[in-house]
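Undergrad: The structure is given below, and queries will be raised subsequently.
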Amino acid sequence: MEIILGVVMFTLIVLALTVMILFAKSKLVNTGDITVEINEDEDKSFTAPAGDKLLNMLSSHGIFVSSACGGGGSCGQCRVTIKEGGGDILPTELSHISKREAKEGCRLACQVNVKQNLKIELPEEIFGVKKWTCEVISNDNKATFIKELKLKIPDGDVVPFRAGGFIQIEAEPHTVKYADFDVPTEYRGDWDKFNLFRFESVATEPTVRAYSMANYPEEHGIILLNVRIATPPPSVPDAPPGIMSSYIWSLKPGDKVVISGPFGEFFAKDTDAEMVFIGGGAGMAPMRSHIFDQLKRLHSKRKISFWYGARSRREMFYEEDFDQLQAENDNFRWHVALSDPQPEDNWTGYTGFIHNVLLENYLKDHPAPEDCEFYMCGPPMMNAAVIKMLKDLGVEDENIMLDDFGG
């Protein structure tokens, strides 16, 4: 009898606790619909079920906030201003948001779990961002580890971007085998040397990443991207390869791809100052976009130079395009430095790292480098070396423009 009584009492206690938890949850967590008020504008505001991330809620209502990392909290792009609701700022946001910005309501939309009504502010340009389903025109190697992806915009549509802007590209869950990649013979040596065809990329959920555009606004009807394959570093050979770059490298003509945009902050200043562009690797993309825009669309008379770093001649691309621009424009010069020229290159040009070449062959004798505008995009080590060199020359932050995505 005592055992039965004990079981009954235990069951009653568990039931009572369950009821208490459910009651507390009903009071503390909004499981119904909430309202997101945007810019105090009823036409932009919406109602949705509580519990999702703000970034996802906005996207599902056709409002696409930039998020290069796909909502992982690592890029810090999806900034919104929350005027009411949203709870306390999370530790994951503090590396991207200063104390002053936090006091002003700045949050990362991908980290805000919406449990109550919100009042938020968004920049007006966000409402011009749209989605398109594009068709792959071509996807060809331009260098050993870089492909040029050319996408066709749907007939009659226009992506109203500015030079230096970027789009976001979406990938559904997939499995990609590197052995299936179409890598031309001239580039296969390094792929075989590093045994790269053994890799596979597996995505179990949708992925979104940002890529800078290589085309300029008057190249109508297309989107042009330079995509470097993100293989595991030699020091961590068992790490997974990059999901999005692997997906893009697997694309073939005729495939469909969803993009959203345009986004961007890496825009040219409207001044008469000299422009110095510095790039490396897939950082070529925004360099091409800017330089083509300045010389082909704007017919700029500003003094412009482009300094590009590559390993060897095989890693150079768009060479004929820039040679032609140089021949047609007296105000434009471009220079390449090879860090590891091969014997077959028969290279007689600059050698070494591009920041040293730029300094030794131009900036050290420049009468006023601090008056120039510097636009750069490349591998992180290149970016850091260039910025240090420019700071040592007295160039202010306002004249150093960096695109973090193209490299």
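Quick reminder: no glycine exception, Cβ is built from N, Cα and C everywhere.
In case it's useful when we look at the structure, here is the feature table from Swiss-Prot:
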- CYS69, CYS75, CYS78, CYS110: [2Fe-2S] cluster binding site (BINDING)
- 32-126: domain '2Fe-2S ferredoxin-type' (DOMAIN)
- 129-269: domain 'FAD-binding FR-type' (DOMAIN)
- 3-23: transmembrane segment (TRANSMEM)
Undergrad: Using DSSP, what is the helix/strand/coil residue split across the domain '2Fe-2S ferredoxin-type' (32-126)?
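TA: Output for the domain '2Fe-2S ferredoxin-type' (32-126) reads 21 helix, 30 strand, 44 coil.
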Undergrad: For CYS110 ([2Fe-2S] cluster binding site), list the number of other Cβ atoms lying within 10 Å of its Cβ atom.
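TA: Looking across every protein chain shown, the total is 24.
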Undergrad: In the domain 'FAD-binding FR-type' (129-269), how many residues does DSSP put in helix, strand and coil?
TA: 23 helix, 57 strand, 61 coil
Undergrad: For CYS69 ([2Fe-2S] cluster binding site), which residues of its chain lie six or more apart in sequence with Cβ-Cβ distance below 8 Å?
TA: CYS75, GLN77, CYS110, ARG209
Undergrad: Which residues of the same chain, at least 6 positions away in sequence, have a Cβ lying under 8 Å from the Cβ of CYS78 ([2Fe-2S] cluster binding site)?
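TA: Result: LEU55, VAL65, SER66, SER67, GLY71, LEU108, ALA109, CYS110.
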Undergrad: On the 0 to 100 scale, where does the mean pLDDT of the domain '2Fe-2S ferredoxin-type' (32-126) fall?
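TA: Within the domain '2Fe-2S ferredoxin-type' (32-126), the model's average pLDDT equals 91.
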Undergrad: Which chain neighbours of the [2Fe-2S] cluster site, leaving out CYS69, CYS75, CYS78, CYS110, have a Cβ atom within 8 Å of the mean position of the site's Cβ atoms?
TA: LEU55, SER66, SER67, ALA68, GLY70, GLY71, GLY72, GLY73, SER74, GLY76, GLN77, LEU108, ALA109
Undergrad: Across all the protein chains here, work out how many other Cβ atoms are within 10 Å of the Cβ of CYS75 ([2Fe-2S] cluster binding site).
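TA: Here the count is 19.
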